[in-house]
Amino acid sequence: MVAFTVDQMRSLMDTVTNVRNMSVIAHVDHGKSTLTDSLVQKAGIISAAKAGEARFMDTRKDEQERGITIKSTAISLYSEMPDEDVKDIAQNTEGNAFLINLIDSPGHVDFSSEVTAALRVTDGALVVVDTVEGVCVQTETVLRQALGERIKPVVCINKVDRALLELQVSKEDLYQSFSRTVESVNVIISTYADEILGDVQVYPSKGTVAFGSGLHGWAFTIRQFAQRYAKKFGVDKVKMMERLWGDSYFNPKTKKWTNKETDADGKQLERAFNMFVLDPIFRLFAAIMNFKKDEIPVLLEKLEINLKGDEKDQEGKALLKTVMKKFLPAADALLEMIVMNLPSPVTAQAYRAEQLYEGPADDANCMAIKRCDPKADLMLYVSKMVPTSDKGRFYAFGRVFAGTVRSGQKVRIQGPNYVPGKKDDLFVKAIQRVVLMMGRFVEPIDDCPAGNIIGLVGIDQFLLKSGTLTTDETAHNMKVMKFSVSPVVQVAVEVKNANDLPKLVEGLKRLSKSDPCVLTYMAETGEHIVAGTGELHLEICLQDLENDHAGVPLKISPPVVAYRETVETESSQTALSKSPNKHNRIYLKAEPIEEEVSLAIESGKINPRDDLKARARVMADEFGWDVTDARKIWCFGPDGNGPNLVVDQTKAVQYLNEIKDSVVAAFQWATKEGPIFGEQMRSVRVNILDVTLHADAIHRGGGQIIPTMRRATYAGFLLAEPKIQEPVFLVEIQCPESAVGGIYSVLNKKRGQVVSEEQRPGTPLFTVKAYLPVNESFGFTGELRQATGGQAFPQMVFDHWATLGSDPLDPTSKAGEIVTAARKRHGMKEVVPGWQEYYDKL
């Protein structure tokens, strides 16, 4: 255990080469928090006895009750490496004390926005995978997010105790299952990795994969075993590491290494990994679990494990846990893997800077981030807000990328919409205190240099969820985070007692601060809407709202799904609309945008802020757009970045540029509330064909053009075979074979369609993947558990928007029923207005 003081930590923060910022990511219930415990215990914060049960990182009451992690929490660990290990580190280091900032993030898919916030401030990730279940859908999602942020992964294969005790596998089977898991992780890595990172695949023989059990507190890497044997046999450690994985065999008779499975007499040889690594572990397990009292002391002596007085009386699992913890302590293996293989901020920021910074790659701040320079101007990214014990106040949680942040320092607080040189979304305020985040506690410090993760007090009123802090007036923002999930499930919230309304409004503000991916807004009907990524996410948000943020009893409507409005074909005739004073006319047509273009816009590949020519080239080369059209995109909508476009196809129109702003504003308005039932439009492209304008500027102001453009857009939209789109989840369900039938029956009832079904090799488990409309997903988990006797566990991720085939304008069709219900709820007329209402005759 380390005697651990804040001053020690503060001095470590200055040697940035010895800092590691890393997050722990994994599928739900693969054991992140449990593994994190053994690390925290090593750094001397939990007492040794409680580790494995403390789940120190789950700071919230509901996390401990549900046994899942909801928010990502940060903690700093201190580790000293032996000199021989420090020699092997590929990057520069000073001395052998290391500071590891670790963020434990949730695995449940509804909270993947928390994961994004955690990834942004770290440089490396520990990916935890369950031996038995292997790589699941969420493992892939978070790993893809990490690689997208240029983060280097290392892998820990967890729950090996399950394979040994529950499934009783043989050594060769265990090796094969390890090797399959490593392979499937590497497939994901090679698919999504950025070339700049170089080869970031994981190799057990290079020590980037650990195997172990978080619950029992043991883990090992091949490097550790290679070190043991290298001393014993006097061989080179690196050679030994390569031999302990893959197809290499040791022939005990001839004392020679070979890569053939059989010896000269055709006898089967044992794989080196099984013989040297798994054998001692298997023998310990067998001796202890079969209560062979006489074998145990012999084995312990061979492996140099000393038990203290009362530990000798233990037996069964308790003894197993004690022995394995002493033989292969999890913290040592993981800390060694983290320190040896993950990059320091100095290394990482060199290749992450361009991706983090919005401005040009050659300006002073970008260069400072590349160097991770503590003496430059401050560049600090706040990735999320953490509620304090004090009701309604938040710590800003983030990372210093350049410069040094001090208590009492005056900084420019730039929100996500800030543009250099303008005054919008900008505050200049002083930071009250700088604190170290330590899981459940915070420790105040004076200042914090570049490359470290930090909490700030006193700026929570000025930032909504994330933003950039800087001392340089010309600095651009750090790039906004891309969330892999979108809020598609909404509820309306009202107070039971009308006097509590102000508290609700205040509570909603705090809620949207504390969760990076929740949307709160007030609908036109005066309802307060809360939107979340799924059922569980919403449930947690509303519980927070009622108990913490607002603190008043609430009435909550049944959940509603967000739809989108779209078109199928080009408008059947040109839509024309005249301005209220009859002096201006706009002619346009609407047509659909290809799905891949919409997806490229939504994922940020085609970006409204990109350079015009570069964007046009991408659209022409990859998506087959006409170059002149691609250059004449006026705007994206809604909110200036949605998947709808206005394209100017006019020829030689006078005064056209003067009305551009009005047209853009009208388009934002029209796409935010479509004509069918006031939902956002998606994949609609409006081509402006011709405009006739009045010669006097006074007769073509915003008041004339905006309503005209909106009416024209609606008319063109309704003339182009309108359809509605519903959100669809990708569901992954793991279950034993006997339960597969139950899954199919529930999915059929819920309009689900099965995409694939496969058995995981070496286990009795099946994985079923299916598409399930979000609309049908409420209560799905409960019904599934009933139908399968609680053996099936679904994971749902928003996957895509699916167009409903039926006609939304026909009130008897499926789509029509949805539209009518929504229009009633919004308080509109029940019948959708025809295109004639928005169309003007010449």
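Backbone N, Cα and C define each Cβ position, glycine as well.
Among the features that Swiss-Prot reports, domain 'tr-type G' is placed at 17-253, with the record citing sequence analysis. Residues or ranges marked as GTP binding site by Swiss-Prot: 26-33, 158-161, 213-215. What Swiss-Prot lists as diphthamide is His699, and the listing cites similarity to another entry.
Around Ala26 (GTP binding site), taking its Cβ as the centre, 31 other Cβ atoms fall within 10 Å, counting all chains. Counting Cβ atoms from all protein chains shown, Ser213 (GTP binding site) has 28 others lying within 10 Å of its own Cβ.
A sphere of 10 angstroms centred on the C-beta of Leu215 (GTP binding site) encloses 19 other C-beta atoms. Residue density at Asn158 (GTP binding site): 26 other Cβ atoms are found within 10 A of its Cβ, drawing on all protein chains shown. Reduced to three states, the DSSP call for Val160 (GTP binding site) is helix.
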